[in-house]
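Undergrad: Not my notes, these are from Swiss-Prot:
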type	residues	note
TRANSMEM	12-32	transmembrane segment
BINDING	D108, G110, T111, S116, E134, V135, A163, D185, D187, Y194	S-adenosyl-L-methionine binding site
Amino acid sequence: MAQPVPRLSIPAALALGSAALGAAFATGLLLGKRWPPWGSRRQERLLPPEDNPLWQYLLSRSMREHPALRSLRLLTLEQPQGDSMMTCEQAQLLANLARLIKAKKALDLGTFTGYSALALALALPEAGRVVTCEVDAEPPKLGRPMWKQAEVEQKIDLRLQPALQTLDELLAAGEAGTFDIAVVDADKENCTAYYERCLQLLRPGGVLAVLRVLWRGEVLQPQPRNKTVECVRNLNERILRDARVYISLLPLDDGLSLAFKI
């Protein structure tokens with residue numbers, strides 16, 4: 001019998017397998033039915049108990065995490081608010097999508113410690129580029145050594161300024177329609193503006209991913225209790241009705257929306 005795989009000790013590997021992509025989708029669909037996205041912090045992230053046999057099986061049969069990614073994830077989880085980082089399942093799914101569409105240019109809104117930027121950079125070719133946006137200069141310092149360790153530091157363009165400013169600069173520089181994938185995990189008050197600008201920057205066939213679109217289940221409230229919940233709900237409605245994209249909303253972690261530009 002296989003030994004349990006602790007959530008924070010997932011085997012690392014570099015290879016890409018089509019089964020991993022399917023497992024990521026299946027994991028979200030299964031966990032979304034069994035564990036609601038509210039309550040304790042673990043429940044908020046749609047995670048079952050670490051000793052759950054089915055969860056162990058899913059992790060052990062799907063996760064292929066680069067050593068530098070694993071190291072950065074473990075370091076991040078030791079930091080204040082470290083659990084606000086994208087989960088390894090989400091990172092692997094987005095990296096696999098980037099590989100699937102042969103992405104060369106990526107946007108990453110909300111660098112934090114650089115885990116998502118690293119995952120994307122590893123999925124891009126040697127000449128690939130990840131533009132990652134962060135307003136706080138401190139968290140990315142944790143990730144820089146791992147970017148270097150993974151030999152992708154040259155692919156990552158860190159912009160320490162408001163994400164909207166970076167997006168507007170890219171549009172002004174004539175880069176509309178040139179990006180392949182965009183990941184939005186930044187403040188929710190500007191999420192609609194991020195969505196619209198990223199959509200302009202993406203090429204047809206590009207992928208736009210928005211994280212935390214269930215917001216701990218508060219999107220179910222009849223009346224949003226704050227501006228953040230209202231913004232998330234408004235964005236979800238906008239994406240649903242947007243004829244410019246094909247969509248999927250997955251119950252991975254606190255909700256992951258995927259919009260595929262037509």
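Using N, Cα and C of the backbone, Cβ positions are placed for all residues, glycine too.
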Undergrad: Using a 10 angstroms cut-off on Cβ to Cβ distances, just flag whichever of D108, E134, D187 is the loneliest among these binding-site residues.
TA: D187
Undergrad: Looking only at Cβ atoms, how many others are within 10 Å of the one on A163 (S-adenosyl-L-methionine binding site)?
TA: 26
Undergrad: Hey, what's the Cβ neighbour count for T111 (S-adenosyl-L-methionine binding site) at 10 Å?
TA: 27
Undergrad: Using DSSP and three states only, what is A163 (S-adenosyl-L-methionine binding site)?
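TA: The three-state answer is helix.
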